[in-house]
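The structure under discussion appears below in the form of structure tokens.
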Amino acid sequence: MEAAHSKTTEECLAYFGVSETTGLTPDQVKRHLEKYGHNELPAEEGKSLWELVLEQFEDLLVRILLLAACISFVLAWFEEGEETVTAFVEPFVILLILIANAIVGVWQERNAENAIEALKEYEPEMGKVYRADRKSVQRIKARDIVPGDIVEVAVGDKVPADIRILTIKSTTLRVDQSILTGESVSVIKHTEPVPDPRAVNQDKKNMLFSGTNIAAGKAIGIVATTGVGTEIGKIRDQMAATEQDKTPLQQKLDEFGEQLSKVISLICVAVWLINIGHFNDPVHGGSWIRGAIYYFKIAVALAVAAIPEGLPAVITTCLALGTRRMAKKNAIVRSLPSVETLGCTSVICSDKTGTLTTNQMSVCKMFIIDRIDGDLCLLNEFSVTGSTYAPEGEVLKNDKPVRSGQYDGLVELATICALCNDSSLDFNETKGIYEKVGEATETALTTLVEKMNVFNTEVRNLSKVERANACNSVIRQLMKKEFTLEFSRDRKSMSVYCSPAKSRAAVGNKMFVKGAPEGVIDRCNYVRVGTTRVPMTGPVKEKILSVIKEWGTGRDTLRCLALATRDTPPKREEMVLDDSTKFMEYETDLTFVGVVGMLDPPRKEVMGSIQLCRDAGIRVIMITGDNKGTAIAICRRIGIFGENEDVADRAYTGREFDDLPLAEQREACRRACCFARVEPTHKSKIVEYLQSFDEITAMTGDGVNDAPALKKAEIGIAMGSGTAVAKTASEMVLADDNFSTIVAAVEEGRAIYNNMKQFIRYLISSNVGEVVCIFLTAALGLPEALIPVQLLWVNLVTDGLPATALGFNPPDLDIMDRPPRTPKEPLISGWLFFRYMAIGGYVGAATVGAAAWWFLYAEDGPHVTYSQLTHFMKCSEHSPDFEGVDCEVFEAPQPMTMALSVLVTIEMCNALNSLSENQSLVRMPPWVNIWLVGSIGLSMSLHFLILYVDPLPMIFKLQALDLYHWLMVLKISLPVIGLDEILKFVARNYLEG
């Protein structure tokens, strides 16, 4: 049934053809079940394990690796002799890497898919219905409830479907619907129609929503919608329809993979074509096909050399280390790539309640009457410190602490706060914090009584558990609460009837009243001045109301409560307590005592964090279900808006936003910093508009209502105290619910991206070097300088360790003073590409040079000529060109060992170069990252391992080197540091300014 909130109760009953007293007939139930289906959210069609595994191989880099592994595998089949074992090492290792990566990926995805299932926990198990086949109420499974059913709900029940209230069987009906609307206090419901067809959920005061909880009272209603038709069902549909986009990093790596694959394909084809003339060389036994296969193997080796196999693993490790660092700062990251996305966040959309504020209502101002002189009324105004439920804070007058017990008016005010109250404080020993038991507003009054301590109770030696209600207990021992007149919408107040605890006390019975100021003050005939009561006159009333108006608007926007006493209430037996319409009569002839102003105060550290965001070029938008006045006031308090800034086109309610034409809605999202009275759909819409401007949006939320927007935003941030649905739809959970933690996480994200750039570039310049090396040997016709298994070892192990250690580079000092980087910024700019080509060219030439040096000049080398070396394929016993040369020398392990040692040593020098993109090693010495120094030591140790520990030299086709060779290795390798220093100097002085 659409728009049930706008119809009368009679229209709703007529729509389903049902009577409130008897309910649906079995025949109607059957028809409705066929028409509307069961009252449950359908199970999500998750991806099968096989689909998830296949998805992990959609990455281009991974596919190229897979192809290389398959080809290597096929070629290994045709190997003969002792090479067979080593030939299988390469495809086997590549496959192992791919499998490990896929496992990590599948595990991440599986976690993400649990989001929609978590909604199930808000589906109630049972419901109480009236049906024609039974005289009394019956309990049935919630899934069997159908539209048109007459349902009964009472305090503590979970609402089983979206229900239009027909009758309220108690004084009031309060519902906690914070999971759905984000309202911080429970909502009072009624039965009258709400004529606005476009009312937001917060304004549908005659509806109960599926999954919300009844906080007080009892009611009967008719089911309007079930299952997917309910508000919580609509949220599920939104979540199911939201596809996760790739993170900026994933997009970058995909682009990079594409470029790499094109370059690799070109080089492989080029190497193969260059050598067509050598296919018939004697070394291949004169067989053209064997020659073709030989050069095909070299092309595959090239592909292996060009792909940074270690890159996926190093990125995963770096992100995982980043998540650990963030967890220490209370930010728990659920999906690894989002760690880096945080670094380019340009807009943070934050919930107000609990994130920017403490979600702990507290009284911050109060006043009592000081004296009345004719028409002149003077007030005593006090402010109260402390912004949580902890009973710690001071009462200040003119910014100086005062003892509340000195003021008779404050003693009475504290008495009313303590007695006209059903809530209390509780010290949670596991969390180590004070928590509310009951209503937020009432708990604020309980906390105020503890801070005031009007009877100077000795509290210093009490334990935290005893301290929670110490001062309230003293007041409750003096007066005994007889009964409560519950809050009702018509009089907007509640009261308690109290008698003195000691029978011969000087005071008689009293009624203490608290409620909305305008309602209570209208029923006050007197005001309390000290211990006397003075008649309430027009000017006095005006003065009181003007202060309340001032507190309720402007910067403070406090929620004010008036407190009053009826000094001589009627006798108890004269009062009719089961008729709430009479309560107004009993709460008349009141004496006004004072007013308290409370708010959900901003967290202390938020203001500094907002300033940090401003410096870092990040816009903060507050989004809340609260009303606009409160929202703007909090924005001014925390620095989103200036004190006197005109916010005409920078703050909107959900309704105002909807009324704008589409083009203006887009513009509003570009400018605005505050949205109030919003619904879940608004949040998703705002994210969509921001994304259309290429903004990277972080969205916070804690309720079920926030889940679609959390899923849609690039970074969904859930609160630690939030619902399971919000947590599972998000990328990050704030353990302490604190906005400042987001800012710390953004800083960490930026540092991670910078470090990631460094190690990606480090690995790539290494691969460029390997490619140049293989290309040169093939183009010049030299013997192989490096074989695939050696390249794999370098790419995975020797390069992998320093690359991972580069993830520990300290963040730049000005990291939060720069604007967010644009997601479109390339990983490697033109100048950097030139730099890697230059360094890579040197690496390749040095590696080939080291191998050639052994053939041409080494003491223990064969001293062949350059011509013999470049035509070694033609070498045979009978060739006059190779007289006195043993052809087997061209397959000796020494030149390969020289080449590999130079490659590894240069890579270690390169790792030092990568400490900073443009800073000289003189300014940023190696020991700023001690992990890097350690990893270089470890990499060199592993290199010595494959040189000097049997049987490794045989597997890797290497030979032990002596000091003479090592000195040559250093001479060839160290110049790379000088070369990079020159390039950094150019970048610093000619390109950065």
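Our numbering is plain: 1 for the first residue shown, then up by one each step along the chain.
Just so it is clear, glycine is given a Cβ too, placed from its N, Cα and C backbone atoms.
Annotation source Swiss-Prot lists topological domain 'Cytoplasmic' at 1-48 (among others), citing experimental evidence.
Distant neighbours of the transmembrane segment (49-69): 90-91, 94-95, 97-98, 101-102, 105-106, 109-110, 253-254, 256-258, 260-261, 264, 300, 303-304, 307, 309, 311-312; these residues of the same chain sit at least 6 beyond its ends, with a Cβ under 8 Å from one of its Cβ atoms. As annotated by Swiss-Prot, transmembrane segment applies to 49-69 (among others).
The feature topological domain 'Lumenal' is assigned by Swiss-Prot to 70-89 (among others).
The transmembrane segment annotation in Swiss-Prot covers 90-110 (among others).
Sequence annotations record features per position, and here Swiss-Prot assigns topological domain 'Cytoplasmic' to 111-253 (among others). Look at the topological domain 'Cytoplasmic' (111-253): DSSP puts its residues at 42 helix, 42 strand, 59 coil.
Residues annotated as transmembrane segment in Swiss-Prot: 254-273 (among others). Only residues 6 or more beyond the boundaries of the transmembrane segment (254-273), in the same chain, are considered here, and those with a CB under 8 A from a CB of the stretch are 59-61, 64, 246, 295-296, 298-300, 302-303, 306-307, 760, 771, 774-775, 778-779, 826-828.
Look at Swiss-Prot and you will find 274-295 (among others) tagged as topological domain 'Lumenal', backed by experimental evidence.
If you look up Swiss-Prot, you'll see 296-313 (among others) marked as transmembrane segment, on the strength of experimental evidence.
Look at Swiss-Prot and you will find Val304, Ala305, Ile307, Glu309, Asn795, Asp799 tagged as Ca(2+) 1 binding site. In the three-state DSSP scheme, Asp799 (Ca(2+) 1 binding site) is classed as coil.
What Swiss-Prot records for 314-756 (among others) is topological domain 'Cytoplasmic'.
Asp351 (active site, 4-aspartylphosphate intermediate) falls within a strand when secondary structure is assigned with DSSP. Listed in sequence order, Gly182, Met622, Ile623, Thr624, Thr700, Gly701, Asp702, Asp706, Met719 are the same-chain residues six or more apart from Asp351 (active site, 4-aspartylphosphate intermediate) with CB atoms under 8 A from its CB. Taken from Swiss-Prot, the feature active site, 4-aspartylphosphate intermediate applies to Asp351, supported by similarity to another entry.
Summarising the annotation, Swiss-Prot assigns ATP binding site to Thr353, Glu442, Arg489, Lys514, Arg559, Thr624, Gly625, Asp626, Arg677, Lys683, Asn705. Around Arg677 (ATP binding site), a 10 Å sphere centred on its CB holds 21 further CB atoms from the protein chains shown.
What Swiss-Prot lists as phosphoserine is Ser580. Sequence-distant neighbours of Ser580 (phosphoserine): residues of the same chain at least 6 apart with a C-beta under 8 Å from its C-beta are Thr171, Leu485, Glu486, Ser488.
Beyond its flanks by at least six residues, the transmembrane segment (757-776) meets 256, 267, 270-271, 298, 301-302, 305-308, 310-311, 314-315, 318, 782, 785-786, 791, 794-795, 799, 802-804, 806-807, 809, 827-828, 832, 835-837, 839-845, 847-848, 899, 903, 906-907, 910-911, 914-917 of its own chain at Cβ-Cβ distances under 8 Å. Summarising the annotation, Swiss-Prot assigns transmembrane segment to 757-776 (among others).
Confidence across the topological domain 'Lumenal' (777-786), taken as the mean pLDDT and rounded to a whole number, stands at 82. What Swiss-Prot records for 777-786 (among others) is topological domain 'Lumenal'.
What Swiss-Prot lists as region 'Interaction with PLN' is 787-807 (among others), and the listing cites similarity to another entry. Among residues of the same chain six or more beyond the region 'Interaction with PLN' (787-807), those with a C-beta under 8 A of the stretch's C-beta atoms are 72, 86, 89-90, 93-94, 97, 300-301, 304-305, 307-310, 313-314, 317-318, 321-322, 752, 755-756, 758-759, 762-763, 766-767, 770, 896, 900, 903-904, 907-908, 911, 914-915, 929, 931-932, 934-936, 938-939, 942-943, 946, 955-958.
Broken down with DSSP, the topological domain 'Lumenal' (777-786) shows 4 helix, 0 strand, 6 coil. For the region 'Interaction with PLN' (931-942), the list of distant contacts is 797-799, 801-802, 804-806, 808-809, 904, 907-908, 911-912, 915: same-chain residues at least six beyond its ends, Cβ to Cβ under 8 Å. The binding-site residues in question are Thr353, Asn705, Asn795, and the one with the fewest Cβ neighbours inside 10 Å is Thr353. Across the annotated binding residues for ATP (Thr353, Glu442, Arg489, Lys514, Arg559, Thr624, Gly625, Asp626, Arg677, Lys683, Asn705), the two most widely spaced Cα atoms sit 36 Å apart. When Cβ neighbours within 10 Å are tallied across all protein chains shown, the highest count among the recorded positions Ile307, Cys875, Cys887 belongs to Ile307. There are 28 other CB atoms within 10 A of the CB of Gly625 (ATP binding site), with all protein chains counted. Taking the binding-site residues Arg489, Arg559 in turn, the residue surrounded by the fewest other Cβ atoms inside 10 Å of its Cβ turns out to be Arg489. Taking the Cα atom of each, Arg559 (ATP binding site) and Cys875 (disulfide bond) are about 96 angstrom apart.
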